[in-house]
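The following features are taken from Swiss-Prot:
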{"type": "BINDING", "residues": "79, 238, 242", "note": "Zn(2+) binding site"}
{"type": "ACT_SITE", "residues": "265", "note": "active site, proton donor"}
């Protein structure tokens, strides 16, 4: 298999979920081996490049925020990264004029649409993957996440909320481009009505609304969105969407199975750090042409290993 990039540039404008600021973003084709990178065009100088890597993850409160050595940040990258994974985009330069990726409708679907409109082209460089060789796990109270060996890439996620509108949900999916688009990409981020004021007081969710999030009422029994849910278990499917995006920061596509229980951005990033801290837990492999087990693509491991 070969690496892939966009056929042409394409952009969008929206608001940041947490900042509430209007932001314009343009996705550009990129050369093979350059990976996924963000460029803050509102900041002059070379420090404006922010690599999309696990080692660049800083703040994980309610989102995944990347930060480079110069202190330049790009927040809420997980939905876009999930879409890039779902479309198997290896190399892309993302120009953005603010500190946060636009939330769009709260899912990965708008970003998938942008990529489909731009088109995708194969490049000469072969695609490589990180093959999980043994179980790696992280536990933080009731939150756990693990990676185990597998011939493909699959995700199982479990959540359990006191709110009866959510309650306990579990979802498993073998991830290919088709299953991601149909079963995961449209699941929106979600929150609780009574938490909005607290989040905004801490500088979060300032751009959140019923147009870009599923909101559960203060009793925990009802979804406030007039259009209801896109999937019966949309909440857990969105957690899968987040996990796919966060795992795409690994530095190469994964050949393994991810299992998350109440896990969030912080736990998944801790899991990647634990994986790369153990050289016996993984190996780099070239994905054979026509491989049925080919996982989502990401950027070459050499970049991640130096992080």
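Cβ coordinates are placed from backbone N, Cα and C, and glycine is handled just like the others.
Model, not experiment: these values are computed from the prediction.
Considering only the binding-site residues 79, 238, 242, the residues lying within 10 A of the residue listed as 'active site, proton donor' on a C-alpha to C-alpha basis are 242. The Cβ of residue 238 (Zn(2+) binding site) has 28 other Cβ atoms within 10 Å, all protein chains considered. A 10 Å cutoff on Cβ-Cβ distances gives the residue listed as 'active site, proton donor' a total of 22 other Cβ atoms nearby, all chains included. Residue 242 (Zn(2+) binding site) falls within a helix when secondary structure is assigned with DSSP. Listed in sequence order, 78, 79, 82, 264, 265, 268 are the same-chain residues six or more apart from residue 242 (Zn(2+) binding site) with CB atoms under 8 A from its CB.
Cβ contacts within 10 Å of residue 79 (Zn(2+) binding site), excluding its own Cβ and spanning all protein chains shown: 31.
Same-chain residues that are not part of 79, 238, 242 yet have a Cβ within 8 Å of the Cβ center of the Zn(2+) site turn out to be 78, 82, 106, 107, 108, 187, 188, 189, 239, 240, 241, 245.
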